[in-house]
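The active site, proton acceptor annotation in TrEMBL covers Asp191. Under the heading compositional bias 'Low complexity', TrEMBL lists 66-84. Taken from TrEMBL, the feature domain 'Uracil-DNA glycosylase-like' covers 176-324. Annotation comment: TrEMBL describes 66-86 as region 'Disordered'.
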Amino acid sequence: MGLSVGFRFGLVYQPFRSPRTDHLIRCPINWSCPLPAIYRCGLATAVASKTLMDLFHPAAKRVKLSSNASNSNSPESSSQGSLSELTTEQRSKIEFNKSLAKSKRNLKICLERVSKSEGGGVNLVDLLAEETWSAALAEELHKSYLETLAEFIQKELSGGSVPVYPPQHLIFNALNLTPLDRVKAVILGQDPYHGPRQAMGLAFSVPDGVKAPSSLVNIFKELKQDLGCSIPSHGNLEKWAVQGVLLLNTVLTVREHQANSHAKRGWEMFTDAVIRTVSHEREGVVFLLWGRSAQEKSRLINATKHHILKAAHPSGLSANKGFFGCR
């Protein structure tokens, strides 16, 4: 079981606008209810049988006011009444806009800290701007292995002979865009893309204007095949991240054109701690583990609280060995 099952069971479907164009991209993003309820109620077939437009435009739901609230003429109750009359779609949009604003604030903080740094760059820990993560990982951030890792990264950056990706301010982008209390799904990658301008700190994602790598293209193909989602014209998954999809690589930095060059330097210990934290602090999260490396991380996840979906890796070498059709 893999991508399409995880999205169908864990999410409702809502279109969003591309940051590059003004057309709607049909893609599964927002969640309606935790996965266990869908398993118990057997709604998978019902969801799959709906038309595409039914999925993208769910019926508006309004919260019914109590008789006391509806009869009150006070300004306070009037304000509460207006909020209560918001549709599910309007509430989702408000939450998304709040999360987007917070992610932009975190990015601005990281950019400012990097711009003010000298020599080898800013302290690695200072690039984690999202408070929910810095609080939950406070003990981890002060462990000796992370200090050693920070020294290694600083030397790599100050050396200058070989570029390091992603850009320094985006090293913790996955955590800065997806607060701990917003995590609803986790997609694990390995190390960042090692080509110029590709890595942006989100697993499988590339910035606008950069050609989508084969793995990401295959992810889009599987979504289209199973759910009818249109394939977007870009590979930027920031809006997935803002809406609760933690796009986490197990290694967060890499040298240009040298895959796994920063592996076994301490990143794996840190991202293991991230996975354990999600498992401990959250409930009903869908973990999508593609390929053997990602599937080894299942040992860190409490399967009684969460939902672990496994499939082959979506790369061109393995997509036909169990990723495509992993419903």
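Backbone N, Cα and C define each Cβ position, glycine as well.
Since we're looking at a predicted model, the values are computed, not measured.
Note: the domain 'Uracil-DNA glycosylase-like' (176-324) comprises 51 helix, 23 strand, 75 coil (DSSP; helix = H, G, I, strand = E, B). Predicted-model confidence for the domain 'Uracil-DNA glycosylase-like' (176-324) is 94, expressed as mean pLDDT.
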